Amino acid sequence: MTEGTNGMGQNASSGKRETRVIEPGKTIGVLGGGQLGRMMALAGAPLGYRFVALDPVADGPCGQVSAQIVAAYSDKEAAAELAARTDVITYEFENVDAEVAALLEERSYVPQGSRLLYTTQHRLREKAALEAAGATVAPYAAVSSEADLDAAVERLGTPCVLKTATGGYDGKGQFVIRDRSEVAAAYAELAASGAELVLEQFIAFQCEISVIAARSSAGETSTFPPAENIHRGGILHASIVPARVPARILAEAEQLAAQIVESFDAVGLLAVEMFYGKDGKLYVNEVAPRPHNSGHYTMEACITSQFEQHVRAICGLPLGSPDLRTPVVMVNVLGEHLDGVNKLILSPESVGTDLVRPKFHLYGKAEGKTGRKMGHINLLCGDTADALAWIDNAGIWPVEGA
Ligand code: AIR
């Protein structure tokens, strides 16, 4: 790709981004100290890397397995300390303060850059960049008043989804509008946050899939097998791999994710969420420039996990093989599932059978609130139907429609 053609201005004036090879023994700084940082540190340690996390909460998921600076994400002195103590810096959530990101880029080596964050932190910028990458997104409109919203609902039709352009995750900051009479309520609820809003047409889909793409600082690209994602209450419940879609769609989804990671000139991981529409087409819903919940299945099911791949990508190492070793279903453990899962780990079922082998990943969070991600289980299996039946039979996750 030629410089400055990706709609994001990357490399527009400064030529190619600086790349370095970070050798084993060096220290990786992580902005954020949640489960994604924890699993990154656990995957990077065997390659010889050390980790320092910056997070306001002491002894959190990442701090339990790495060194930690306890400070607010917006604390510039703490960010400077992180830069001084590490050789390369990455982040494990998107809502990084723009000023801190700029400071880190100036004082340290941040191969992912801040441009990618700037784009993916805002749904309208993200959609424009996705369209520039040749992806199809659901028809959408920017909304800045109730009258705007009413006109957009008339144009895009119902159902449609009103979303905040910034800050939303796990179904937060969203309002599904099923009828035009709901316009005032939707606007009142989301405008209260003060964020810009975007209305999206609701895509009638067969299923949701996602692809984790990786691009190294040396320019190498790789994609993991697509996951089929089941959401409950706006939160990921399970990922099924291989996704139950035609082989042609699996190939198309990986190709699309590779095209996007190249076009974005991204370094590190880029998770690409898509709808497989009833019309047989793929629509990109959103992207995240970090390891993703729907990529947790890679931990035991792929030759290389998404976390190792991220470390390889930002350190300029060759990318590992993303090949799938076994079918797998990942199920999330939310606060309300934790007691059941703790009991399960102590029971003989903990080790599974030849049909389904559960591999547990608990995050060590102190407080288990409803809907909070506390861990996940990768169910290695010969047939994903057996793993789905295992989830239903465990008695921990309510059986839908039962
Ligand atoms: N995270 C970041 N973006 C999306 C997700 N799931 C992870 C990061 C972050 C953690 O969730 O690892 O640090 C925050 O989890 P919680 O439960 O403290 O809100």
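Using N, Cα and C of the backbone, Cβ positions are placed for all residues, glycine too.
Here is what TrEMBL says about this protein:
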{"type": "BINDING", "residues": "R123, K163, 168-174, 200-203, E208, H231, 285-286", "note": "ATP binding site"}
{"type": "COMPBIAS", "residues": "1-14", "note": "compositional bias 'Polar residues'"}
{"type": "DOMAIN", "residues": "127-315", "note": "domain 'ATP-grasp'"}
{"type": "REGION", "residues": "1-20", "note": "region 'Disordered'"}
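Location within the structure of each feature annotated in TrEMBL.
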residue	record	DSSP (3 states)
R123	ATP binding site	helix
Y169	ATP binding site	coil
E200	ATP binding site	strand
N285	ATP binding site	strand
The sparsest Cβ environment within 10 Å, among the binding-site residues R123, K172, is found at K172
Under 8 Å by Cβ from I203 (ATP binding site), same chain, sequence gap 6 or more: A138, F275, G277, Y283
How many other Cβ atoms sit within 10 Å of the Cβ of E200 (ATP binding site)? 21
